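To keep things clear, I will list the structure first and then write my remarks on it.
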Amino acid sequence: MSSVKVAVRVRPFNSREIGRESKCIIEMTGATTAITNPKVPPNTSEAVKRFNFDYSYWSHDPRDSDFSTQTMVYKDIGEEMLQHSFDGYNVCIFAYGQTGAGKSYTMMGRQEEQQEGIIPMICQDLFTRIHDTETDELKYSVEVSYMEIYCERVRDLLNPKNKGNLRVREHPLLGPYVEDLSKLAVTDYQDIHDLIDEGNKARTVAATNMNETSSRSHAVFTIFFTQRRHDTMTDLTTEKVSKISLVDLAGSERADSTGAKGTRLKEGANINKSLTTLGKVISALAEVASKKKHNKKADFIPYRDSALTWLLRENLGGNSKTAMIAAISPADINYDETLSTLRYADRAKQIVCKAVVNEDANAKLIRELKEEIQKLRDLLKAEGIEVQEEDELNKSTTGIKSPSKSRNRNGSTTEMAVDQLQASEKLIAELNETWEEKLKRTEEIRLQREAVFAEMGVAVKEDGITVGVFSPKKTPHLVNLNEDPNLSECLLYYIKDGLTRLGTHEANVPQDIQLSGSHILKEHCTFENRNSTVTLLPHKDAIIFVNGRQLVEPEVLKTGSRVILGKNHVFRFTNPEQARELREKITENEAENEVEKADAPQVDWNFAQCELLEKQGIDLKAEMKKRLDNLEEQYKREKMQADQQFEEQRKTYEARIDALQKQVEEQSMTMSMYSSYSPEDFHQEEDVYNNPMYESCWTAREAGLAAWAFRKWRYHQFTSLRDDLWGNAIFLKEANAISVELKKKVQFQFTLLTDTLYSPLPPELASSVAPLQQEDEFGAPPVSKTLVAVEVTDTKNGATHYWSLEKLRQRLELMREMYHNEAEMSPTSPDYNVESLTGGDPFYDRFPWFRMVGRSFIYLSNLLYPVPLVHKVAIVNERGDVRGYLRIAVQPVLDEESIDFNNGVKQSARLVFNEDDAKPKYRALNEKDDVQRYIDNGGHDSKLEELEDVDSGRGIDSNSASDCPENAEEPGEHLQVGKEFTFRVTVLQATGIGAEYADIFCQFNFLHRHEEAFSTEPVKNSASGAPLGFYHVQNITVPVTKSFIEYLKTQPIMFKIFGHYQTHPLHKDAKQDFVSRPPPRRMLPPSIPISQPVRSPKFGPLPCPPSSTVLAKHDVLVWFEICELAPNGEYVPSVVEHSDDLPCRGLFLLHQGIQRRIRITIVHEPTPEVKWKDINELVVGRIRNTPESSDEQDEDACVLSLGLFPGEVLDVPGDDRSFYRFEAAWDSSLHNSALLNRVSQGGETIYITLSAYLELENCARPAIVTKDLSMVIYGRDARTGPRSLKHLFSGQYRNPEANRLSGVYELSLRRASEAGSPGVQRRQRRVLDTSSTYVRGEENLHGWRPRGDSLIFDHQWELEKLTRLEEVGRMRHLLLLRERLGMDTNPNPTTKTEKDVCNLAARAATSPVHMVIPQSPQTPVKDPQQIMPEREYNQREQDLMLKCLKLVQAGRYAKNEANDTQTQSDVSPSDEGCADMTVSCISSNSMEDNKFVIRRRLCSPDRADAPNGWEAPAPATQPALPLRLYVPELEEIRVSPVVARKGLLNVLEHGGSGWKKRWVTVRRPYVFIYRSEKDPVERAVLNLATAQVECSEDQAAMVKIPNTFSVVTKHRGYLLQTLGDKEVHDWLYAINPLLAGQIKSRLARRTLEPASQTASQIQASSAANANSANK
């Protein structure tokens, strides 16, 4: 193996660099090349970068003593590579660098002596050595090929037949090769020289026709060198085949430095693609070579990404001896390109090639190709295609005769086989070709090539060879000029006597000179040669320039004239006779001056182009000056705008600072005002206790409720946890970034820890929560606090640690110090693993060998009754996931017992319980009143209801409570205080433990005795699924004390299971990434957060919402419409595509460039508190193409305040709800957003956020309606129909009222409070979220972010799982003990119907609606006579009772000041009239329970024809609404995606004219009413949280309509009828599961009573028959 030899060569300054007075930034000393950064101060460390190569050639100044010539470069590199080729190795030399760096000069050189490049010199030296060493035993043969790779297309430069692009293929034996690439045999250097010359001509013709440049294409010249040595003794001939690849790469430059545009830019992109791929290959090979150990999976090298690297695959890291010459520029203006070239060359040094001698390659290759051809023939025969035999190959070009049948199912396989067969036959035919045949084919191709040149008009010599640099002595001629100097003066066209026509090959008259390309006509022009005078005759519409002037009329050409034909063909005209005459007419001195004058400017392609621009009136210097002036003016203008914008921002920030300063001063004044009070101004503590006014007359139940509420809110710490997460996120990101950069393999992430039985805190973290571990003033046991910690995942050692936030900050200081010292460490520094084991590295901590699997708990209350129990308890980890099960036996050891243990381990111990041990460290999780602070999702009152139920004696069965074993007052005789008691704990088996753990053992102890633990022996975990048998017996003797008896009653024993990982230290098992039960939906946050209001330019940033008490809440339905201007001049709502799968549940389909308006309609129940006064502002902003948005977008200029039209109150016939509508003109172009100005691209959705600031009466602030809208913009004339077939066939888009989007909002009214109090300011504190703040090295984290609010929800679910597991374990123990004691002797077992009712109740209890829907009031009545005697009431008594009831209700609502103006009736009159419908507001169990039912009237109270002869009482006078200031809050409700029930119902609304069929959807806690199934817009909303659902026999008998139930809100009532009998229960269960369960339970009891009566009668009759038979 050998590495790639790399040489660097620097060229002299060119004219461009000299004109710009560039400085040399390259220095070479020996093999070291140094480059100086001109943009960095010279004395800094980054100013000079040094690189070491195999060779460094200084070719900058020929006057220097160390100047490197072409010969020196060849002797160092060319001769060595040529020797490798004679040794039988493959050889490759390629030049790399930017355009104009000297690559072509190094590889090809010039025609002058001592200026030849590597390619000509290596070819000349090759034949010199061949002629010197060739003998009869040793013969040589040389073949060459010349190809060009331009824009990933391969062209053959030696064979004119191959006009198209050649195909690059890959053969399993040959590797990548170019199909049909001609290989021509050569016998001497002159043959190679002629082929190179003719190849360059073909390259010139193609480049001129296609307007290409050779510097933008790759040229690959390949020499196939074969040595045949004949051994006379053995009469065997051996071969060595070498392939010499000489590559001239295209220039590597950046688009901005070359000024490339249009086609040139695309060409550069394609060329840079191949060069970029070459760079990737070099980098990948260098990385592979630098690795110490290879991975099992082969490293991927992207050879196939470009044709260049695919063809050079063997030369890059394969079977080849390779050399790279990096050509660089010395000028400072090319610093970036030069540095990039040096870095590529430095990477190429590390590439290792595995070159082998290619001996006898053809014989083996021919044999393997024959085998492959035979396999392909067999495959084609199997497909039914006849193929010719091997002896017929010479008669046919392909081996396929004709297919015997048409294309079958395996057509693709057949075509592939035919293609492979043809390619293999071509290869074997090429390999079997003799040397004489190759020479003959080479001669044929030469003749074809010369004929093609002659046909094109290119001059040829008398022997047929094309004229190269040869200049005729008599005949006028044209010589080509090319942008690439190497391709200039390669083509010569004779102008014969008479007429010489020039055009394309498509002309009707054959043209003498044929050109092709753009702007060349079929008959372009004619040259007339009369008496050595050449006249150019242009044809019509032909583009011709002579000396820069466009030619319209015939003109006589003078020698040296520049002729431009079309746009790309540039020539120089030369007339030898005319030049000779001019020299004879003038004197010698004048001739010398003329010659000097002619020689002064070099007539080349650049000269012709500049001349063309000048003659056309384009002054390059003036144009450049003008462009510079424009750039300078643009710079000044942009700088002025930037300064103006900066000044505006400065003023804005200064205004903010002044406002904050003013706020701070006001707060300080307020605090100083409070501090000015003296202690005498406040009430003394003894005054409060002595003054009767301060005494509270609470009952015991009220004091318990107050203590429960106090503890709940005392430990409610969601906000403080979030503040800790937000404030320390930046430290976590910095630690992770440093860990990645230092390759520590340690990850940091936030976690929440709570000190519970299953998850005790580590000692260092437990100290931080010690102050909370004490009883409060109500005597409650201590409760653990949840704290934020850092989970440290050590993937290197397979360990997990927990750090406090303080420890993270301390370790972070050490990490920063290590990061800064990393650059000073040498590569020979010891491995960090040593430091991680010794604790010297701040990233690592010491870790134990055994890891915790989980914990289990066993209660000991069975020892109070000396009975043994065998428990099967779950092994639970700290996350609340079950990791296995443990079987444990607990039994008392009495004096008369004596058990012999044959197997297992038996141990004894003695413990002493002190009186201090009676108080447990942990407060049990099943004490729900305190743990509920973690698992309470919102302010639900379920715990309060439980407490009330317990207080009233209905929560727990009295019989079960009295029979509970734990309620035993006195222990048995075996537990006498002062005596000793012995009990036995037997650890039997463990099951279900994962296979990742080995050597499992169990350790158990009492909760307060961690230092006195009992341990079993480790057991091997075979992972076969069999139980792990411990069989460990532990006898424990304890002196009986009161604390020990109390412990037996209330506390368990803790069992810890340990094990170590099988695959240590891989961390994939250490993380315990197993599938756990997901949390319920109610524990999760909404999927897409609702956007915050867009900041109003008029109101500015709104203050924080007040924390005062909510006085009233109202449900508001809002409709959003975007209207577009129709041809009739009206604004018509645009089409809306409705779908629950869309983020906004609706998509507006808009047209581009049409005037729009936004229309918003607000619908709600009429109430005195909510009266819309006016619309103040409508703001639209946050234009984006993702559903998520951020408040930072409010700072952009996209926020726009729309022009408003006056709002109006609508009067909808048949609907007495309040409708308020307003519109605003929306000119979307003012946002200056490309998303709104152009037509949306395919699959693109645009999102905006709008906020409407509305003014309400009696409100100090505006109410804000905020909504996210999604839209797609089509063309102006496009049809905006629905995009899905479902909406297309439903036809709902044709309904104009369906083209709106609805939103459900909750309007909360709070009392305006003073914001200056310290308590309010403390509650309004805001902690900056630092998770988005940038830290150094953040880009290495690949988008990782610290966890935030979701972590709190996940921890809630973990605590709830732990709570459930402990409750289940405790209850299982009690049930097992009851069964063991024989207490479960219930004579009436639970029936199937009762079980169904229990299941219904359980399911309802876990649903969110259970938390918010109050049950219908139940009145437990055992004897109706004891409450109210049966009697009939007259009309006056009934009216009096109704009046008292309403007064009581008014007094109840009077507590909420916003509702004290409630009218006598809770509903408003309707315009359509009222139906005679009443429903019961108090549910009754049966008609026999209550003879009199108080009814709520759903119709208007002033209606004369009241039902049942009742007379409506006179309406009470409406009190005047006092002027109060409220603070409104409008919050959008994220409707649940879960549909509990949907279908058609008959709906009778109060005040309605009759029954109407409506489509009803239940999404708890809301019921949505639609007009029909196809109606996508919600027309009405019912909030089940504030409604009562009634379904009773009294109601059915009253309305005399079957299958009905009612939903009554505080504003109106609905009577609903299902379409079938069986649907009533399903609808009730969807709306109120608890009510459905009660009804089903009631029906079940009724069905059981007749059955029990029948059974008793049968038993009585059978007993009577038995008695009579005995008698």
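Glycine is treated like the rest: Cβ placed from N, Cα and C.
According to Swiss-Prot, the domain 'Kinesin motor' annotation covers 3-351. What Swiss-Prot records for G97, Q98, T99, G100, A101, G102, K103, S104 is ATP binding site. The coiled coil feature in Swiss-Prot is assigned to 358-437, 577-674; the stated evidence is sequence analysis. Feature annotation from Swiss-Prot assigns region 'Disordered' to 391-413, 949-973. The compositional bias 'Polar residues' annotation in Swiss-Prot covers 395-413. Per Swiss-Prot, domain 'FHA' is recorded for 500-566. Residues or ranges marked as domain 'PH' in Swiss-Prot (evidence: sequence analysis): 1538-1636.
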Quiz item: Along the domain 'FHA' (500-566), what average pLDDT does this model show?
Solution: 88
Self-check item: Secondary structure content, the domain 'PH' (1538-1636) (per DSSP, counts of residues)
Solution: 23 helix, 39 strand, 37 coil
Self-check item: G100 (ATP binding site): secondary structure state under DSSP, collapsed to three categories
Solution: coil
Quiz item: Helix, strand, coil residue numbers for the domain 'FHA' (500-566) per DSSP?
Solution: 0 helix, 31 strand, 36 coil
Quiz prompt | Site of maximum Cβ density within 10 Å, from binding-site residues G97, G100, G102 | solution = G97
Quiz item: If you draw a 10 Å sphere on the Cβ of A101 (ATP binding site), how many other Cβ atoms land inside?
Solution: 28
Quiz item: Among all the protein chains here, how many other CB atoms are within 10 A of the CB of S104 (ATP binding site)?
Solution: 24
Self-check item: Fewest Cβ neighbours within 10 Å, where candidates are the binding-site residues Q98, T99
Solution: T99
Exercise. Would you count the other CB atoms within 10 A of the CB of K103 (ATP binding site), including those on all shown protein chains?
Key: 27
